[in-house]
Amino acid sequence: MSQTRGKYDFCIGLVLAMSSSIFIGGSFILKKKGLLRLARKGSMRAGQGGHAYLKEWLWWAGLLSMGAGEVANFAAYAFAPATLVTPLGALSVLVSAILSSFFLNEKLNLHGKIGCLLSILGSTVMVIHAPQEEEVETLDEMSHKLGDPGFVVFATLVVIVSLILICVVGPRHGQTNILVYITICSVIGALSVSCVKGLGIAIKELFAGKPVLKHPLSWILLLSLTVCVSTQINYLNRALDIFNTSIVTPIYYVIFTTSVLTCSAILFKEWQHMAADDIIGTFSGFLTIIVGIFLLHAFKDVNFTLANLPLSLRKDDRAANGTLLSAYDNFNDDEESSACLGEMQSTESLSARRNGSLSAF
């Protein structure tokens with residue numbers, strides 16, 4: 001019975017995670033279009049600290065779409081481990097890249113399409129080899145996990161790094177370095193996922209009739225989640241306003257996923273009982289995703305499609321073989337001419353043919 005229930009929860013978590021990626025991927029496009037409309041109107045941009053986007057309905061539509069995606073993501077964490085839900089965030093990269101090519105005129109070339117495919121394959125491998133987290137059924141157990149020295153050290157480092165980036169690095173380099181704002185969103189996102197996992201357990205206990213609202217951890221997790229999500233939204237808006245969506249989304253995914261997997265491994269001790277093949281499979285899947293995301297954005301300005309491939313191959317063949325073949329044919333023709341017309345006439349014929357072949361080439 002418990003095994004059947006586990007498979008049922010797995011399927012629910014999988015469907016919720018996939019739908020979350022669709023909503024979140026679409027939200028990037030809606031938000032970007034809203035920010036671009038504001039830029040055309042001359043309003044102060046979000047990257048400069050402006051908040052005119054609060055009056056733009058497209059931005060609100062993107063926020064609602066992201067909210068729906070986060071709710072689905074929230075529910076997915078309640079039914080499935082973080083190591084299943086988080087890698088499926090690569091689908092949001094795919095959705096965002098495809099929609100950007102249609103609605104934002106951001107070209108998706110052959111490299112980008114291969115990158116999307118690799119991201120999906122890497123996510124699949126990670127799901128297959130995902131480690132099983134330790135079961136946490138109550139808020140008391142979650143409180144014990146959050147009080148573990150390893151997690152306390154990790155959370156303290158995240159807060160310190162985030163404050164340094166926000167207060168010191170951001171004002172100086174945030175407008176020019178894409179990693180600053182995205183890193184803030186990503187490392188804080190690791191803490192928000194932990195809060196979501198804890199609140200998911202609290203909701204389950206609430207439905208079971210337990211006095212969850214009297215437990216102080218519930219309110220601490222809710223307050224922490226509010227602060228984390230608000231900070232993520234603020235700095236993600238700045239990154240989207242300054243830099244290209246097709247660059248922001250993949251980099252955000254890579255750093256965010258790394259942070260979440262690290263946090264989840266420390267909090268739930270997922271890697272202690274993993275077999276060697278699962279460890280290799282997990283790292284291989286994640287590296288495949290990184291390669292795919294690199295292809296997705298590193299060659300975004302290269303105008304290369306599948307239709308250009310046969311032409312490119314023909315040019316390469318001609319460059320490699322065409323000159324040698326022409327020289328070989330001309331040499332044979334010149335031998336026959338020299339036998340019939342004499343040495344002087346063959347020299348003139350050879351010169352004329354060489355000039356003709358070079359012109360044609």
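Backbone N, Cα and C define each Cβ position, glycine as well.
Long-range neighbours of the transmembrane segment (12-30) within the same chain, counting only residues 6 or more positions beyond its ends whose Cβ lies under 8 Å from a Cβ of the stretch, are 58-59, 61-63, 65-66, 68-70, 72-73, 75-80, 84-85, 88-96, 99-100, 103-104, 240, 245, 248-249. Summarising the annotation, TrEMBL assigns transmembrane segment to 12-30 (among others).
Packing against the transmembrane segment (57-79) from elsewhere in the chain are residues 9-10, 12-14, 16-17, 19-24, 26-35, 37-38, 85, 92, 193, 196-197, 199-201, 203-204, 229, 233: each is 6 or more residues past its ends and has a CB under 8 Å from a CB in it. Marked as transmembrane segment by TrEMBL: 57-79 (among others).
Sequence-distant contacts of the transmembrane segment (85-104) (same chain, at least 6 residues past either end, Cβ-Cβ under 8 Å): 13-14, 17-18, 20-22, 24-26, 28-29, 32-33, 36, 69, 73, 76-77, 112, 115-116, 119-120, 122-123, 126-127, 130, 193, 245-246, 249-250, 253, 256-257, 260-261, 264, 285-286, 289, 292-293, 296. Taken from TrEMBL, the feature transmembrane segment covers 85-104 (among others).
Sequence annotations record features per position, and here TrEMBL assigns transmembrane segment to 111-130 (among others).
Feature annotation from TrEMBL assigns transmembrane segment to 150-171 (among others).
Annotated transmembrane segment per TrEMBL: 178-203 (among others), in sequence order.
According to TrEMBL, the transmembrane segment annotation covers 215-235 (among others).
Per TrEMBL, the feature transmembrane segment maps to 247-267 (among others).
Taken from TrEMBL, the feature transmembrane segment applies to 279-299 (among others).
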Assess whether the transmembrane segment (111-130) lies in contact with the transmembrane segment (178-203), where contact requires at least three Cβ pairs under 8 Å among residues 6 or more apart in sequence.
no
Dominant neighbour of the transmembrane segment (215-235) in 150-171, 247-267, 279-299, by Cβ pairs under 8 Å:
150-171
Any chance the transmembrane segment (150-171) and the transmembrane segment (247-267) have 3 or more Cβ pairs under 8 A, given the pairs are 6 or more apart in sequence?
yes
